[in-house]
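In what follows, a structure is listed as structure tokens, so that the remarks can point back to it.
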Amino acid sequence: MPFRNSSDLSPSFFILASIPGLEAAHFWMAMLLCFTYILAVTGNCAVLFIVKMETSLHAPMYFFVCMLAAIDLALSTSTVPRALSLYWFHSTEISFSACLVQLSFIHTLSAIESTVLLAMAMDRYVAICHPLRHAAILTNAATAKIGLVAMARGVLFFLPLPLLLLPLPFCSSRVLSHSFCLHQDVMNLACANTTPSVVYGLTAILLVMGLDAILICLSYILILKAVLRLACWKERLKVFSTCIAHICVVLAFYVPLIGLSVVHRFGKDLPPLVHIIMGNVYILVPAVLNPLIYGVRTKEIQRRILNLV
């Protein structure tokens with residue numbers, strides 16, 4: 001076996017992925033990415049401002065919407081500016097420590113968002129199936145505690161991910177598949193046994209995102225049963241329409257997450273463009289769609305936006 005020096009085993013940087021063969025189009029691709037990022041920041045800041053100013057929206061459901069907006073702002077801000085520097089200034093290198101910090105932010109914030117989506121599903125379940133107890137169960141204090149639990153859950157489950165990558169040697173390619181760092185992407189570059197990291201990462205995802213998805217589906221099964229007990233179709237549609245916005249937000253989060261996981265697991269032979277697009281969709285689609293969904297479905301937010309315009 002050839003000798004490997006310590007610098008080979010302890011990388012000081014990784015190479016973020018750009019799109020080979022499309023270097024001339026990087027500027028315009030970055031412009032599109034920048035526009036999407038500005039749209040996400042503007043929309044989520046508008047949601048936070050409107051909920052703060054509109055006293056009629058000071059309710060648990062809209063506090064959860066504010067949590068989603070804050071998470072989406074943090075998630076997109078922790079990734080998109082670095083990607084823009086890659087495309088505009090050809091800054092392809094990211095230090096090993098910065099990469100670990102970035103991936104810990106991405107996975108932790110994603111876990112927090114998943115928990116908030118579960119809390120919103122439970123809120124809809126209580127509001128529809130136990131309307132008389134809704135105000136007593138989901139108070140403002142209970143909503144704040146749920147937010148703290150979501151943060152603690154994300155940190156406790158996903159903080160060990162970068163710690164498991166620290167002792168691994170990286171003696172092969174250091175080119176990542178995305179314009180930001182993900183745990184599985186970095187782990188695949190290691191030239192040692194990654195079984196503990198694989199097992200822990202899969203367990204954390206199943207216990208957080210997987211369990212949340214099952215509980216969200218269960219809550220909507222119970223909601224659907226309660227709605228079908230109503231005698232009038234108009235009442236059924238009116239009650240279930242209160243859940244449409246949340247269902248759309250859940251799909252906007254989980255569909256890109258599942259798509260990115262499938263690409264990582266089965267798409268090793270796919271073109272680099274597919275990996276980069278799926279990564280950006282996973283980061284930006286929920287951040288852009290969430291404020292649009294609640295802006296369309298919430299009359300108070302619509303009215304406030306029209307007043308601002």
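Each Cβ is built from the backbone N, Cα and C atoms, and glycine gets one as well.
What TrEMBL annotates here:
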DOMAIN    43-294  domain 'G-protein coupled receptors family 1 profile'
TRANSMEM  27-50  transmembrane segment
TRANSMEM  62-80  transmembrane segment
TRANSMEM  100-121  transmembrane segment
TRANSMEM  142-166  transmembrane segment
TRANSMEM  198-223  transmembrane segment
TRANSMEM  244-267  transmembrane segment
TRANSMEM  273-294  transmembrane segment
In terms of Cβ proximity under 8 Å, which residues at least six beyond the ends of the transmembrane segment (244-267) contact it? 68, 110, 113-114, 117, 120-121, 124, 177, 182, 184-185, 209, 213, 216, 220, 274-275, 278-279, 281-282, 285-286, 289-290, 293-294, 296-298
Range from 62-80, 100-121, 198-223 with the greatest count of C-beta pairs under 8 A to the transmembrane segment (273-294): 62-80
Averaging the pLDDT values of the domain 'G-protein coupled receptors family 1 profile' (43-294) gives 90
Top stretch among 62-80, 100-121, 142-166 for CB pairs under 8 A with the transmembrane segment (198-223)? 100-121
The recorded stretch from 27-50, 100-121, 142-166 sharing the largest number of CB pairs under 8 A with the transmembrane segment (62-80) is 100-121
